[in-house]
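Structure first, then comments.
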Ligand code: O7E
């Protein structure tokens, strides 16, 4: 993914027409559109190719299965037009390798969730986050997902993966994180949903966030 603005919008709306309207408004402010279960379950997998007209799409399916099933999922997602896919790492090395293998066939990106941003994410995820981040590095993932709500953790996870992997970071705005803090801690992109799509003027809000990122 090309880093022009440092902003990824989380398009967690449930109607295609609303998603397309917001995407057309914010297209020039974002480097990617993250699409997940809310929109795909509501409108179907075709939302991926539809939104890819505006910006590269990262499919957020937090894939977490046995390697064989992971491969089938990854193939469907990349065939549908996604540029990137978010997967879990706790399923183990073989599952992650399977996802990365399919992504390479499509020249796609794999981002591995290392630690989640919500309060509950600290309990089970944080103790294994370092190992997940190391595994993402070892097997050549594109990057990891790390919490903007805990910039100190982003800094720590950055020290584990070095500079070759990207960090995409959700939790800015509605969850309390601040763009400038998490970028200063080593994130390459922030992922922002509600603060943008629920605002009166999504484009203006996105532009303010981009200014805060300060690329
Ligand atoms: O809080 P918002 O509205 O700005 O949205 C944040 C988005 O990031 C939303 O889609 C949520 O599902 C996702 N997310 C987190 O908020 N925290 C995490 O730890 C992980 C994710 C996520 O998407 O994982 C992959 C990036």
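Here the Cβ of each residue, glycine as well, is placed from N, Cα and C on the backbone.
Copied over from TrEMBL:
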| type | residues | note |
| --- | --- | --- |
| ACT_SITE | 60 | active site, for OMPdecase activity |
| ACT_SITE | 62 | active site, proton donor |
| ACT_SITE | 62 | active site, for OMPdecase activity |
| ACT_SITE | 65 | active site, for OMPdecase activity |
| BINDING | 12, 34, 60-69, 117, 170-180, 193-194 | substrate binding site |
| DOMAIN | 6-209 | domain 'Orotidine 5'-phosphate decarboxylase' |
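Recorded features from TrEMBL, shown on the structure.
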| residue | record | CB count, 10 Å |
| --- | --- | --- |
| 12 | substrate binding site | 17 |
| 60 | active site, for OMPdecase activity | 27 |
| 62 | active site, proton donor | 15 |
| 65 | active site, for OMPdecase activity | 16 |
| 66 | substrate binding site | 12 |
| 117 | substrate binding site | 25 |
| 173 | substrate binding site | 20 |
| 177 | substrate binding site | 22 |
| 193 | substrate binding site | 21 |
- [ ] Output: those recorded positions from 12, 60, 66 whose CB lies less than 6 Å from an atom of ligand 1, in sequence order; none if no residue fits.
- [x] 12, 60
Open item on the list: Given the active-site residues 60, 62, 65, find the one whose Cα is closest in space to the Cα of residue 173 (substrate binding site).
Closed with: 60
Open item on the list: If I take every residue in the domain 'Orotidine 5'-phosphate decarboxylase' (6-209) and average their pLDDT values, what number comes out?
Closed with: 98
- [ ] Based on DSSP, name the secondary structure state of residue 177 (substrate binding site): helix, strand or coil.
- [x] strand
Open item on the list: If I take the alpha carbons of residue 65 (active site, for OMPdecase activity) and residue 117 (substrate binding site), what is the distance between them in whole Å?
Closed with: 22
- [ ] Whole-number Å only: compute the distance from the Cα of residue 12 (substrate binding site) to the Cα of residue 60 (active site, for OMPdecase activity).
- [x] 10
Open item on the list: Nearest of the binding-site residues to residue 60 (active site, for OMPdecase activity) by CA-CA distance, picking from 66, 117, 177, 193?
Closed with: 193
